[in-house]
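Data block below; observations after.
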Amino acid sequence: MTAPPRIAFLASPAEPAVAARARLTQRYGDHALDSADIVCALGGDGFMLQTLHRHGASDKPVFGMKLGSVGFLMNQYRDNEDDLLERLQRAEPAYLRPLEMQVQTESGASAGSLAYNEVSLLRQTRQAAHLSIDLNGQTRIAELIGDGVMVATPAGSTAYNYSAHGPILPLGSHTLALTPIAPYRPRRWRGAILKADTEVRFRVLDPYKRPVSVTADSHEIRDVVEVTIRESAQRQVTLLFDPEHNLEERIFSEQFAV
């Protein structure tokens with residue numbers, strides 16, 4: 001007989017998530033992350049992203065349950081916790097590769113971060129951002145004027161990217177969305193779909209008069225002058241989903257939401 005998986009339950013600070021964790025650990029035990037087989041994240045999408053950033057290198061599959069305001073990356077939480085082991089056994093994996101971001105700031109400092117949803121550049125003041133865009137070392141747009149621009153993964157393409165009128169990308173398509181944010185010029189440019197191995201480099205053309213910040217998921221860096229983005233070749237995380245509502249189906253369904 002196969003032993004049940006050891007589960008590490010992580011909860012957001014929200015009261016419903018904390019209460020659910022107490023009930024689940026009483027039922028299934030409370031295992032430390034380093035000795036667990038599976039991570040169960042209780043909260044919303046923000047907490048899921050936080051969990052991936054903090055523990056993604058552990059290579060533990062993550063099964064999320066929605067106890068927050070937004071739960072696109074989560075499964076439904078059910079009051080009957082007795083079926084959790086069956087759900088985990090039936091769960092289907094989704095493999096996500098984050099974006100790697102490298103930044104140079106106006107002060108000369110360097111920084112880096114990962115993003116599972118998107119990397120977005122935004123103007124810091126009322127002045128529009130002026131940016132250039134290079135793809136694999138070739139300048140594709142010499143000057144983009146607008147509020148900003150972003151690069152989104154397939155998993156993140158239904159979030160901020162979609163709100164900015166970017167395309168929804170199928171999971172496993174090995175593509176990225178390059179989407180301008182409120183572009184003024186070029187007027188007719190509405191973004192591009194890139195191969196996942198494309199290196200994207202943004203340069204801020206007037207960083208003193210028109211400062212720009214960059215955010216990788218929730219990690220913001222201000223006063224940037226150059227940002228380079230590529231899909232990570234080393235890091236990959238595994239999310240687990242109920243088969244009747246897996247991530248691929250959710251992304252597909254978003255394209256027909258009315």
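The backbone N, Cα and C atoms fix where each Cβ goes, glycine too.
Here Swiss-Prot flags Asp45 as active site, proton acceptor. Long-range neighbours of Asp45 (active site, proton acceptor) (same chain, six or more residues apart, CB within less than 8 Å of its CB): Gly68, Val70, Gly71, Phe72, Leu73, Met74, Ala159.
Residues annotated as NAD(+) binding site in Swiss-Prot: Asp45, Gly46, Asn117, Glu118, Asp147, Ala155, Thr158, Ala159, Tyr160, Asn161, Tyr162, Ser163, Ala182. According to its DSSP assignment, Tyr160 (NAD(+) binding site) is helical. Same-chain residues at least 6 positions away in sequence with a Cβ under 8 Å from that of Tyr160 (NAD(+) binding site) are, in sequence order, Asn117, Glu118, Ser120, Met150, Ala152.
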Record-annotated NAD(+) contacts Asp45, Gly46, Asn117, Glu118, Asp147, Ala155, Thr158, Ala159, Tyr160, Asn161, Tyr162, Ser163, Ala182; largest Cα to Cα distance in whole Å is 25
Counting across all protein chains, other CB atoms within 10 angstroms of the CB of Asp147 (NAD(+) binding site) number 17
Densest Cβ environment (other Cβ within 10 Å) across the binding-site residues Asn117, Thr158, Tyr162, Ala182 belongs to Asn117
